[in-house]
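A quick write-up on the structure given underneath.
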Amino acid sequence: APVVYYVKHFNSLPAVVFTAVLANIMDRTYDRNLPVSSLTVSRFVDNISSREEIDQAEYYLYKFRHSPNCWYLRDWTVHSWIRQCLKYDGREKALHTVKNKVQYGIFPDDFTFNLLIDSYIKDGDFKSACSVVEEVMLQEAFDLPSTQILSLYALGSYLATRPQLTVSEERALGASLLICGLMKDDTVGLNAQLLGNALLGKVEMLNGIHAVFKGMPLLWTHGYLGRALAVMEQVAAEPGDVKLSKDILDYVSNILQELSSTADTDSSGDESGGEEEADKKQETVDEEDEAERAKLPQYVSRFKELSSQLESLGKVDTASFQTLVTSLAQQNLEASEKLDIEQYESRVQAWESEKRQLILREKEMKEKAEEEKRERLAAKAAAKR
């Protein structure tokens, strides 16, 4: 009875009391193997008022995701969850649930992604910002210009720190640069495409094409280094003022040198009897991968030719990639965000309308359930007479 009373009069309850009541309701509902409604989860998330409740909400999001109602987690709940995490010092929880989206059902929209990326950028944590950008890439959610700008700024700023990257990190960064870069056909976009293709080409050369596209929204055809060179050819052929950054060209040059050194080392290793290691590598590559590897000398030679051609045409920009993305953000981000806010306000109105409909439906279902209960009790009482 007290629980029913509190639910009926939740507007008059302090948030901390209300969340405790909701937690009690959800626990009892799950104990009875019954589904919790999306509205109940939404109310809990909306009324978070402390860091401790962030941890509780994470648990209930996980439980909801693994319940029969898992498909009905509302977009506004995902948005509210990220906002509450940022508000109550639980940003690492937000990132954890986004990276483990299948387990928690947290698939943010582009505006919500922007909030999380921007939060990390403001703190200078570009590595974590890039982790969020990776999730944007996996969801292919680069539709908003503001998301493209923030993502490229995060990627450029992180690369400027010259991090020591693992092959899996190079793959994630390469895919993020490529897919985001494809949304733009200007200097920044083409530089991102060039480096993205080159990083993915490195992974392809080392581990085979399957290591590139598995679990990624990428082409499964060979030749990522060839596509990188095609970007250089495109820039050389364009009559406009599009240029490639010298530090991006240097980055690609270093990738090719590293791959050439690795190929030489592998050859000498095979000759000196490293058969076991060669067999292990062979398991991950096929004949087409080997054919692609054989093109490396051609790629290196063509890269040098195109670099000289771009230099002679005045198509090499001395500004770093970080400088380019910083300039892009300074010039275009504010205008893009104004449009985002207008769209967001419209989206909130749609959410509120949908929420009112759900609350009305919930009320009708409760009234119907109470009416059926009264009828059953009346029928039992009549049967006893």
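Just so you know, glycine gets a Cβ as well, placed from its N, Cα and C.
Segment annotation: TrEMBL labels region 'Disordered' over residues 365-385 (candidates 29-49, 323-343, 365-385).
Break the region 'Disordered' (365-385) down by DSSP state and the numbers are 20 helix, 0 strand, 1 coil. Taking the repeat 'PPR' (109-144) as a whole, pLDDT averages 96 in the prediction.
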